[in-house]
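Asks: Annotated transmembrane segment per Swiss-Prot: 11-31, 43-63, 80-100, 103-123, 132-152, 159-179, 195-215, 223-243, 256-276, 285-305, in sequence order, evidence recorded as sequence analysis.
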């Protein structure tokens, strides 16, 4: 039996959103690697760079709204401010976590976002996962852990920063989906509303956060044409990365975004080996293979869960609430009464 045309178009759109996210995310990592590494341009101001990203995204959103390419719906300012604060805490905490912890523990903290997102979705939205989904998530976590985790050293400050980063990032990603549903706004509409707030706050606070991280102010950096080109390229890719993130979470869920998002980790490791002569060991290859298998199983498990939900939906439609039964009874009694009255008036 062939799928309806609408389902085919939806599937193509889903694949397109994921492809945009993977390509733009991997591209921005490669651009930032060249921009920020000591062998590149040595631009060590990650938080301020993120401010540039959101400023560029906000500019694109303003142009889109001004030209009528996208509509603007109302979202309360306090919701936008709350979301932006959580998102900015996530960015700053991630940078501090990377500075204070070993690379191995930093990777473990990033992997822990998957179960944390699952738990938060269960607490906030009463979302439950079948055993197949839970098993596939574990396979992905194990696979990515094998290929990325090396030395693991923990300290108190680093642990607190890592916990803050994991919680705030997980909450931010869940909020993207819930805000879109709550106010019936599209992914780009929501992004165009939050980007200006994040841009202003990050451009004001970013240089001070970067000073704490690197001991240098951005004003001391000697700009070159090469660095400016990499910054502009990074900003352009950030627009697509941000849009596709909101698209993917809006279409799927924060959990799916986290699980399938680790395809980016696999791509980054592979491109690092091809373009930057990074070491590729058997451990890396085995871990990537396990992670990919886990992602395939996850996709299958989610599809199985959807089919189960679809089968249970028709039965639910036939069941009526007490209020519906009461209204139906009242309607029948009213009809019977009218028939009796009409019958009495007949000769």
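Each Cβ is built from the backbone N, Cα and C atoms, and glycine gets one as well.
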Asks: Restricting to the same chain and to residues at least six past its boundaries, which positions have a Cβ under 8 Å from a Cβ of the transmembrane segment (103-123)?
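Replies: Cβ under 8 Å, 6 or more out: 97, 129, 137, 140-141, 144-145, 148-154, 158, 162-163, 165-167, 169-171, 173-174, 253-255, 258-259.
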Asks: Would the transmembrane segment (285-305) count as touching the transmembrane segment (132-152), i.e. at least 3 C-beta pairs under 8 angstroms with sequence separation of 6+?
Replies: yes
Asks: Which of 11-31, 80-100, 195-215, 223-243, 285-305 has the most Cβ pairs closer than 8 Å to the transmembrane segment (43-63)?
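Replies: The stretch with the most close Cβ contacts to the transmembrane segment (43-63) is 195-215.
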Asks: Counting only CB pairs under 8 A, let me know which of 11-31, 195-215, 223-243, 285-305 has the most with the transmembrane segment (80-100).
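Replies: Highest pair count goes to 195-215.
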Asks: Which sequence-distant residues neighbour the transmembrane segment (11-31)? Criterion: at least 6 residues beyond either end, Cβ under 8 Å.
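Replies: Result: 3, 230, 233-234, 237-238, 240-241, 243-245, 247-248, 251-252, 260-261, 263-264, 267-268, 271, 275.
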